[in-house]
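Data first, discussion second: the structure below is written as structure tokens.
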Amino acid sequence: QEDPLPLAFYVHDAEIISSLGKTLESQAVETEKVLDIISQPQAIFRVRAVTRCTSSLEGHSEAVISVAFSPTGKYLASGSGDTTVRFWDLSTETPHFTCQGHRHWVLSISWSPDGKKLASGCKNGQILLWDPGTGKQVGRPLAGHSKWITGLSWEPLHANPECRYVASSSKDGSVRVWDTTVGRCERILTGHTQSVTCLRWGGDGLLYSASQDRTIKVWRAHDGVLCRTLQGHGHWVNTMALSTDYALRTGAFEPAEASVNAQDLQGSLQELKDRAQRRYNLVRGQGPERLVSGSDDFTLFLWFPAEDKKPLARMTGHQALINQVLFSPDSRIVASASFDKSIKLWDGRTGKYLASLRGHVAAVYQIAWSADSRLLVSGSSDSTLKVWDVKAQKLAADLPGHADEVYAVDWSPDGQRVASGGKDKCLRIWRR
């Protein structure tokens, strides 16, 4: 009953994507040559679909707005409308720490790629840093934004293994880069004329910010110079994703080598940096990282933001605004979730439409990939989670259990658990 192991085929380090003929053309190989075609398994390990709720964790007194596993899957954090950030102990699946400090809803949380710090941003525009080991606040609050925080993104581990800098985007239209060690704002990136909706710190030294002014801006991270503005969307840009997101999020952590009980990363800073660099290079491949953006105009665009300000593809088909878009960890497939109740799958290299996953009876808010890129979990306003088999393009498991809308969902990088939270204030942990 097991799936056959998916293989990828290569000629001269170039992957055969559509056909052998096309690859040979692009490689300009002479017709008389004898060729070695190399095959490699696409994923060396398998993540099993989660099928049951193992814990229902109460504690938040208002809706859970965000949930995020740490890069190794050792810790789980959640941010809520009750102004707290909570850490949960995954070995016992019980509440661990409640972090008080914000004075308004916690809208955004983000783990540093070494897993040692969590940044949280609230509706007041304040950013706080937390230590998951103690639940205590680290350093002073990062204050400067005049309106609420819409996104947080850390400098990649391979760029700086100390995980010192974090960038924030805000409803006030600006992006700020913070030095977390001294607690001060290093740079303010202005240029957007409306709220910045989301932010990504890429692996090649670029920052990407998307805005309600219908543009995406590409900045040089180390000095804040605006490199280019990507235009094309006819309405607010809500969401974006990088083809390298998964490698950037997990840093030096290799899911295939994970133990059953998640651990902290071991090794010197240099070792961690090298490991993260290797993993990043592997998923980045030959070309620069790709970016996909989703908008209130119901469309998605695929870009090569480092090279071109024109989009590679315009992806149409959704019949309502797009909530979230994500590349699979192996960067082959893009999944988008929409208010039209569907999830659509697209080719991660060309933007070509592949399939629609239908089953939710209300808006799909958030999605998360399994580490082996074979499964997708979605949370919806219909109060269910659904696990999808991407290759078969069908439902693998239906997970009812929440009493109300599911706002947030995440799949742990080691593949062991899915966490979800929403309007019923309850955090649920799902396992296979």
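Cβ atoms are placed via backbone N, Cα and C, with glycine included.
Here TrEMBL flags 57-98 (among others) as repeat 'WD'. Within the model, the repeat 'WD' (57-98) carries an average pLDDT of 93.
Positions annotated as repeat 'WD' by TrEMBL: 99-140 (among others).
According to TrEMBL, the feature repeat 'WD' maps to 142-188 (among others). The DSSP breakdown of the repeat 'WD' (142-188) into helical (H, G, I), extended (E, B) and coil residues amounts to 0 helix, 23 strand, 24 coil.
Summarised by DSSP class, the composition of the repeat 'WD' (189-219) is 0 helix, 18 strand, 13 coil. TrEMBL lists 189-219 (among others) with the feature repeat 'WD'.
The repeat 'WD' feature in TrEMBL is assigned to 315-356 (among others).
What TrEMBL lists as repeat 'WD' is 357-398 (among others). Helix, strand and coil residue tallies for the repeat 'WD' (357-398), in that order: 0 helix, 23 strand, 19 coil [DSSP].
Annotated repeat 'WD' per TrEMBL: 399-432 (among others), in sequence order.
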_Secondary structure tally of the repeat 'WD' (399-432) (DSSP, helix then strand then coil)_ = 0 helix, 17 strand, 17 coil
*Per DSSP, what is the residue count of the repeat 'WD' (315-356) in each of helix, strand and coil?*
0 helix, 22 strand, 20 coil
*Positions on the same chain near the repeat 'WD' (399-432), where near means CB under 8 A and six or more residues out*: 45, 47-69, 71-73, 76, 78, 80, 82, 86, 88, 90, 93, 246, 249-250, 253, 255, 258, 260, 262, 362, 365-372, 375, 377-387
*asked:* Checking distant contacts: for the repeat 'WD' (57-98), what same-chain residues at least six beyond its ends satisfy Cβ-Cβ under 8 A?
replied: 104-111, 113-115, 118, 120, 122, 128, 130, 132, 134-135, 249-251, 253, 258, 261-265, 407-417, 419-429
